[in-house]
């Protein structure tokens, strides 16, 4: 029988562990469409929020967290009131922005009340390390799922490139796989167990079949770092040599089995590189959206727009994409400098207190890099939940984390 402490942790852990399953089911049910309506994905996340608030009532929040949550809620409410376009869509977007913060503060509250510890966070990460790749590999071989680029559900057509399983946004799942690659290569570099090697190969397979430039670049950099970082220990050097051989054999095998898919991806890259030039190609035209939006805010809203944002209004300057798809710019354009400080200040306060936690601090910095250059993390439902667990890993793995004064008896 689970103790009361175990039941509390198990409930919340279960809700987080099933993330890849719920998002894959959501993609299967709505045909890969976005979650701007009341979908399974939204309902699932609403349940997380309801359970989180219940835990807050039982176990309390420290005063600083409560003050921050009230402050950011009021600020976002004012932003919604000031946004004249797409009110419901903007509310859903801000809900996704707040979701990771809600999860972090719930885990912090449970941790402060000795209901959850670092083993629970590591269990979530290890579960995701299996579930995320499997929810892409299984649909691939079953012939269901969506191409990374293109509208068809079959990647065999010439116009299609890459494969993202049943997930809606390729940038979301790419971010998740990037961090999981960092996680698994960190495990393999310390211990070359058969299970770890199998996990590594699965992550490498889904990374390659997605066909995303940023994903490939990050995997290359992370691999080079782990293979060649200095070590005086002979056992570590042997493990790195095994890792290097494993990487070479793994990539060669994957290229053999998935050559047709990879050729399609490369052809697509060549086409857009020749068409758009290096910077637009490298940022997937995101960089092209910044200047027009900046100029529009300067003309229409002036200094007030830069300080407090324009809500959802700025998206009229990006009619096809709606967003710049770089978190720092989208948050600046939506919430202004004040809002960006509130959001980024919150996350960096967690990092700066706990930056000595090796994997989680590295994952945090990699997240900031990805969210700035390669797509949304803070404002997407999948990436946001994943990032919340990374930040929670920083908190619960640190003995020096300030637990704060609880506002209720726990």
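These residue numbers are counts, starting from 1, taken along the chain as shown.
Every residue gets a Cβ built from N, Cα and C, even glycine.
TrEMBL lists 37-58 (among others) with the feature transmembrane segment. For the transmembrane segment (37-58), the residues of the chain that approach it from at least six positions outside its boundaries are 8, 11-12, 15-16, 22-23, 25-26, 29-30, 92, 95-96, 99, 102-103, 105-106, 109-110, 381, 385, 408, 410, judged by C-beta separation under 8 angstroms.
Per TrEMBL, transmembrane segment is recorded for 65-84 (among others).
Annotation source TrEMBL lists transmembrane segment at 90-111 (among others).
Same-chain residues lying 6+ beyond the ends of the transmembrane segment (123-142) with a Cβ under 8 Å from its Cβ atoms: 13, 16-17, 19-21, 24, 163-167, 173, 176-177, 180, 183-184, 199, 202-203, 205-206, 209, 386, 389, 393. Feature annotation from TrEMBL assigns transmembrane segment to 123-142 (among others).
Feature annotation from TrEMBL assigns transmembrane segment to 200-228 (among others).
Residues or ranges marked as transmembrane segment in TrEMBL: 240-259 (among others).
The transmembrane segment annotation in TrEMBL covers 331-352 (among others).
Same-chain residues lying 6+ beyond the ends of the transmembrane segment (359-378) with a Cβ under 8 Å from its Cβ atoms: 97, 100, 169, 171-172, 174-175, 178-179, 182-183, 186, 212, 214, 218, 283, 286, 323, 325-328, 330-331, 343, 347, 350-351, 384, 387, 390-391, 393-394, 397. According to TrEMBL, the transmembrane segment annotation covers 359-378 (among others).
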The transmembrane segment (65-84) vs the transmembrane segment (331-352): 3 or more CB pairs under 8 Å:
yes
